[in-house]
Structure formats: structure tokens, C-alpha cells
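This report concerns only the one structure given below.
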Amino acid sequence: MLESDRLISSQSIVSEDAMDRAIRPLSLSEYVGQDSVSSQMQIFINAARKRNDPLDHVLIFGPPGLGKTTLANIIAHEMGVNIRQTSGPVIERAGDIAAILTNLQQNDVLFIDEIHRLSPVIEEILYPAMEDYKLDIMIGEGPAARSIKLELPPFTLIGATTRAGLLTSPLRDRFGIVQRLEYYSVDSLTQIVARSAHLLGVPTKPEGAREVALRSRGTPRIANRLLRRVRDYSEVKGNGIITVDMAQQALEMLEVDQHGFDLMDRKLLLAVIEHFNGGPVGIDSIAAAIGEEKGTIEDVLEPFLIQQGFLMRTPRGRIATSKAYQHFGFSAIEQE
């Protein structure tokens, strides 16, 4: 099973991109949540605009689905400049990055998603570009090869990554502004759901928006996806208005519970509790019990369960916590 196959996946899905762009906030005043990041960026942007300078290079990191691309677009909009978007895996050759950099206008934003996946060769080209706005590339091969130095207009590089630890130190050190995005509170997600519903023309009661937010795993991308599915349900089974009852019925049909767990999350936890007495149990045994690959469990299923305190990863194996027992209505004593 792939992460993108799950309804509560925080990964981007191509078919949703157009709709996501339609409901994406364009300014910091519309940007809900991440209050510290928002207030800091407002100051940095205002200062840069006063000086008519490019904004310092920005690194945005955090789990998928929290709005790194959205924030990059907001920064460009607030600066009143164009944004050029690309991603680390797409930039394969020196000529690729050279073509992008030489087409930037003064103070423009270059946004590189998944920046941790840039090759060392591309990073080496970026260093002088970021520091001195100079492009140093080799033309030709062998004895005929020669170095060409080009002046670049001042620009801002915004890098986004879900895995900041994979960035090389030289690249990381060249970002003057580093922002970490955190999971959203239920209150913030409720505002996001209500705003998205309004933009999509979906009548939504405040309690209905909150019910969707509660099951969205702290992630706006999931909240907007669930909102669209609840909208479908309410239009077919109800009068098109998303109430708390309608949201609950829709999400129960979709098998997303009050903690945002789907069928696979519950299957994993129940396997640890019922088949292995709560653990500790090895990952290979869990994989065999639920019929999933070891890598899928480690990369897709476990992280959220561990983060929410339902599962512990120990040297002896995985252990279901008392919180997991309570979730399924079991006595925590059974764990011992």
C-alpha cells in the first residue's frame, strides 16, 4: 500500500492540485495558524520591501501537507514579485538550474520543493548563486571545457523539505531565514475548513467544520480532502448542508475515526493488542499479522501513531500504549 492510496494521506495528489490552488490563501492576513511563522515573515517581508532588497533565502521544513508551497506563494505575493516553482528531483543537469536562474527577474522568488533531493553538482552551482548572485558553469568537455561566469539579478531562494536532516550543512547554512511548520490545532483547522467550504460554495455549520477538523490529523491538506468527501455525502444523503451529524455519518462511512485513524491504523494497533498482548513485538511479526510490507508500516503507518502516543517503538519491539487500549475500549491492565 502506498501513502497516496489512503484518504488520510498527507501526500499531494495530482487530481487535487487545481482545487487546492483555488482555495489557497494569497496573503499572510488570510493565512490561518502558524502564528509565530506568520508574524516573523510579515516583519522580514516589510523590512525587505522598505529597503527594496530581495528577501533573505528561506528554508521551510515540516511534515507533508502543512502548507510549505502555500507559504512560498504567499511570500512571493506579499513581496510583489513573480515565483518560479520547481522541485529537487526535476533539476538533473547544470543546464537545468542555469536556465531557471538566468530567467529570474530582480527580487523574484525561486521555489524548490523537496530541496533535500538536489544532487551535489546542482548544490555546488547554487552556492555562489545564493551568496553572490553569480552563476559559474562549465561549458564543453575535456580540454575544450571552459568556465563561464554570469551575473544574476538579486533573487530569493525558498527551499521546502519534509526531511531537513538530509540537507547538507553548506546548503542549510546559506538560508538566512529558517521556518518550521507545526501540526495545526483543531481551532485553526476548523477555520481552514470553514474558509475552504465558503470558497467551494458548500454550506457548512460551525460544528460540522469542527468535526472534519477533529479527524484531519492536524493537516490542512487532509482537512480539505475530507471536506470534499463530506460534501459529496451530504449532497447525496442530505440537503447539501454539512452539519455535525452529516459529517459524522460521512466520516464513519469513510472509516475515519475521531482521532483521524483509518482502517489500516486500527488494524495495526489491534494486531499488537490482540495478537501479541500489547507487545513488545517485532516489525516483521506485525507485517505478517496484518499483511503489509515492513517498509509501509515504518514509513506510512507508524509515524502518526507514535506521534499521537498510541504506539511506542523500543529496542525490544513495538508496544501499544494505554491510550491505544482505551481507544478500543480495552482495559489497560490487559497490557501487562
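Quick reminder: no glycine exception, Cβ is built from N, Cα and C everywhere.
T69 (ATP binding site) counts 20 other C-beta atoms within 10 Å of its own C-beta, drawing on all protein chains shown. What Swiss-Prot records for I23, R24, G65, K68, T69, T70, E131, D132, Y133, R174, Y184, R221 is ATP binding site.
What Swiss-Prot records for T69 is Mg(2+) binding site.
Over all protein chains present, the Cβ of R313 (DNA binding site) has 16 other Cβ atoms lying within 10 Å. Per Swiss-Prot, the feature DNA binding site maps to R313, R318; the stated evidence is sequence analysis.
Look at Swiss-Prot and you will find 4-184 tagged as region 'Large ATPase domain (RuvB-L)'.
Residues or ranges marked as region 'Small ATPAse domain (RuvB-S)' by Swiss-Prot on the basis of sequence analysis: 185-255.
Under the heading region 'Head domain (RuvB-H)', Swiss-Prot lists 258-336.
Applying DSSP to the region 'Head domain (RuvB-H)' (258-336) sorts its residues as follows: 45 helix, 9 strand, 25 coil. Highest Cβ count within 10 Å among the binding-site residues E131, Y133, R318: R318. Regional average pLDDT for the region 'Head domain (RuvB-H)' (258-336) in the model is 86.
It is 42 Å from the Cα atom of E131 (ATP binding site) to that of R313 (DNA binding site). Across the region 'Small ATPAse domain (RuvB-S)' (185-255), DSSP helix (H, G, I), strand (E, B) and coil residues number 52 helix, 2 strand, 17 coil.
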